[in-house]
Each structure stands twice: as C-alpha cells, then as structure tokens.
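A.B. asks: A single structure is presented below for examination.
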C-alpha cells in the first residue's frame, strides 16, 4: 500500500474511488465541487439529493459512475459540525474511507478532506494514521488463507491538494508501526507471548533501532530486593524478566523520562483464582501496558527525539502452584516497604511497585506507568476511556494534551489521599488492596507509595486496550492504546 500526497485536486483526479468530506449543513456544490459535479454529469449532486445527505458525522454514501468517467466510484462522507472538527475526525473518516475502498475492491483511492487548523502536515499525518490502523489485520493464527483479504486493500492512495507531505506520512507510518506491535503483542495468547518473548522483543528493538537493553533475571532481581515483583512470579514455571530498554539521543538530552508498563503475560488470579465468568480467558491482555511501552520504544527509536527515555517492564505470569504466594503473605519491596497480600489477584501493582522504585533511581525528570490495573476503572469510565492519576499537575496536563492530540480518550481522576487509610495493615506498612469502593483510586494510591519526589503519572488502561467490535480506526481486538499518547508526550516534553 502506497500513501502519497499530491497537489492534484479532486477536480482533476482519476482512479477507482474518490472520497469527499463535507461538514454538516455545508453540502452545497460550488466552485471546484460544482466543476467536479459537471464533469461527472451531475452524479455528485444526485447522490447528495437521493441519500438526503446533510454532512452529519458518520454518514456516508457511494455511487458508481459511468464507464466513460475517469472516476469509477465516488464516496461522500459527513464530518459533523465544523466547530467540532478535530484531528481524530480525520483519522476516523480516513478509516471509513479505507475500509470502504477495500470492500469496493478499489485499487486506486483519492481522498479530499478539509485541513485541520490550516495545517497540512498534521492533517496528512492524521489521515495516514487512520488508514494504516484501519487496514491492519492480524491473521497469524488463521489456518485458512481465504480469511486473509488484505489483497483487496487499495494499492495506491493519494491525499489530494496537500502538496508534498512525505515526512508527515513517514512519521504516521512509524507511529503506526509501534501501535501495530502493541496490538499484536496483546492479541497473541499467553502460550505465544511469555515474559521471555517480551524480553526478546526488547532485544530485537534494541538491535534494530540502536537502543540499549538490559534484562535482569531472578538472581539480579533478588539482589536488588525486588520482593514484590518476585512474589508474584513465584508460581510460574517461566522465569521472570525485568526489562530495561533505553533510548539515548546523540547529543545531550533535553530531559530524561521513564515509561513503565505492567507486564503480566497471563493472570490466573493466583490463589485468589479467577473463576468462570470472571474473564480469565481474556487475561492474555494483562500485559497491554508493557505492549504500549515497547510499542512506544519502537516509535521513539525511529523518530529519535532529543529526550532520553527509559522503557521498563517487569514481566511475569501470575499462576497457581505449591510455590504460589498466599493471601496473608508479607512481601518486602525494593524500597524497603512491606506489603500484606490480602488478594493475590491484585498482583499488577506489586510488579509495578519495584519497577517504579527502579525507574526513579535512574534520576529521570518524570515517570509514567501504564497498566490494565483495575476493573473498577472500567466501571467508572467505561470501555473507551482510560483513567489518569498524577502527583503533578503540570505532568498531568502534558499527558492530557498528548492524549487529546492522539485521539486516545483519557480522564483525570482524583488522588483522594484519605482513601489510603483503608489500605493500612496492622502487621505491615500496607495491604495491596483496600475496601471495595474507589478501587481504581486506592490502586493508584498504592503505587504512589513507591515514588518519592519525581513527578509521576499512572494510567489505568484496562478498558480501551481491547475493543469487542470495530470502532473508528480500531478493529475488533487489541487496539494498541497508549502508544500514540506516550509518543506525543515524549515528543512534546
């Protein structure tokens, strides 16, 4: 698939499918559009009239044109109200166009959409992202090659009237490569993606993009006192892997950042075993935070900003065996704090505790962790929105802006300190869970105990890392949520 920009406008373009975007209640044909309609013998105006097209968001229609026309089919799409026009409108519209072109088996596709904020570069990048992400298909585990219909995707896609935007397209493709890596890591089952697989992925990224990588095994983690992380790993037959991947710019870094991703490649719940109806069969995706972390590393390694970034994953499984940690066990984290385990199914925060301590010791300017941490966050915000907790208002605002620019939905949640009272233990410094109410808040407060002074933010991404059905440029399945927000944050820091 070849995506290019061109100075050619819709009036002069020729190919299989021409897609045009219209704002709501702005569908009158004048100027170049009237000229195009005349060239098409009135088909465009006829399509608008027959479908009662008003330009409302999500509405579209397609018409076939006579064989004598240089354009085989034309598609009109509603963009919604002009005042609500965002970059994500372009992504979602481009996704609809790309899927329609694939369905119509059009090999050449022309797209004419309005500029966002009079910015052809951002407009191009958003359209290219929508196309790349919508057309990504994961067929690794299909035995029937007929299930793979990628050969129907358009071969040539031209973004009309945008001039030369080669750099913006390359940037979009690099960003999408990280999202796709994250999607495919999350989508793969736990017998394919293991802690060792994540470590191998990190090594591959290091080799391909010139990053530094260190993978600590159990003995090295024991030497660093990572009792919380290793407590979770006790029952698994697979070795724990503590992954530290580092991007260093060629010159003096402007800032130093750390991104920490939860890396539970399977979560059985431990001795507090997840039962039928608990979603245990979906727990391959409990490493989505680490997938986003590695996906962001892939992008940063290609874009090469002047910021040093550390990517950290404490990877393991949470399993059951005679070696498993028990409810009631006391673990000692690497900062010396003790934790009474009152629920072995609240294990992600235990692995993150040692990862946060490790990251802060690197002397970074800010820490951000991502984790599929709580079902409570899904109850609060639904499937599409991640929660954000932060000890630092400036950092929180940076991440919110990065998410808004990427189109990944994120909502800041309260850090209600008094709720931590419910996590205090009579025999240890804290318990790993609190009362039922406010579960996503108490989880964030638990993590806060393992960060001293460094500005820190926690993203609970349990909802949006997976889509049960197609939604915008996300196909059903793993979404790669978080990669684009992280990349935008790094680039804007």
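Glycine residues also receive a Cβ, built from the backbone N, Cα and C atoms like all the rest.
Not my notes, these are from Swiss-Prot:
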- 262, 267, 286, 347: Mn(2+) 2 binding site (BINDING)
- 267, 345, 347: Mn(2+) 1 binding site (BINDING)
- 274: active site (ACT_SITE)
- 349: active site (ACT_SITE)
A.B. asks: Within 8 Å of the Cβ centroid of the Mn(2+) 2 site residues 262, 267, 286, 347, which other residues of the same chain have their Cβ?
C.D. replies: 232, 263, 264, 283, 287, 318, 348, 351, 371, 372
A.B. asks: For the recorded Mn(2+) 1 site formed by 267, 345, 347, name the remaining residues of the chain with Cβ within 8 Å of the site's Cβ center, in chain order.
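C.D. replies: Checked against the 8 Å cutoff, the neighbours are 232, 264, 268, 269, 270, 272, 274, 286, 318, 344, 346, 348.
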A.B. asks: Compare the C-alpha of residue 262 (Mn(2+) 2 binding site) with the C-alpha of each of the recorded positions 274, 345, 349, and give the closest one.
C.D. replies: 349
A.B. asks: Return only the integer: C-alpha distance in Å from residue 349 (active site) to residue 286 (Mn(2+) 2 binding site).
C.D. replies: 12
A.B. asks: Give the sequence-ordered list of residues that share a chain with residue 345 (Mn(2+) 1 binding site), lie 6 or more positions from it, and have CB atoms under 8 Å from its CB.
C.D. replies: 267, 269, 270, 272, 273, 274, 318
A.B. asks: Under a three-state reading of DSSP, tell me whether residue 345 (Mn(2+) 1 binding site) is helix, strand or coil.
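C.D. replies: SS state of residue 345 (Mn(2+) 1 binding site) = coil.
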A.B. asks: Using a 10 Å radius around its CB, how many other CB atoms surround residue 267 (Mn(2+) 2 binding site)?
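C.D. replies: Its Cβ shell of radius 10 Å holds 27 other Cβ atoms.
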A.B. asks: Starting from each candidate's C-beta and looking 10 angstroms out, tell me which of the recorded positions 262, 274, 349 has the most other C-beta atoms.
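C.D. replies: Compared across 262, 274, 349, the most Cβ atoms within 10 Å surround 262.
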A.B. asks: Is it possible to get the count of other C-beta atoms within 10 angstroms of the C-beta of residue 286 (Mn(2+) 2 binding site)?
C.D. replies: 26
A.B. asks: If you draw a 10 Å sphere around the Cβ of residue 347 (Mn(2+) 2 binding site), how many other Cβ atoms fall inside it, taking every protein chain shown into account?
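C.D. replies: Counting Cβ neighbours of residue 347 (Mn(2+) 2 binding site) within 10 Å gives 28.
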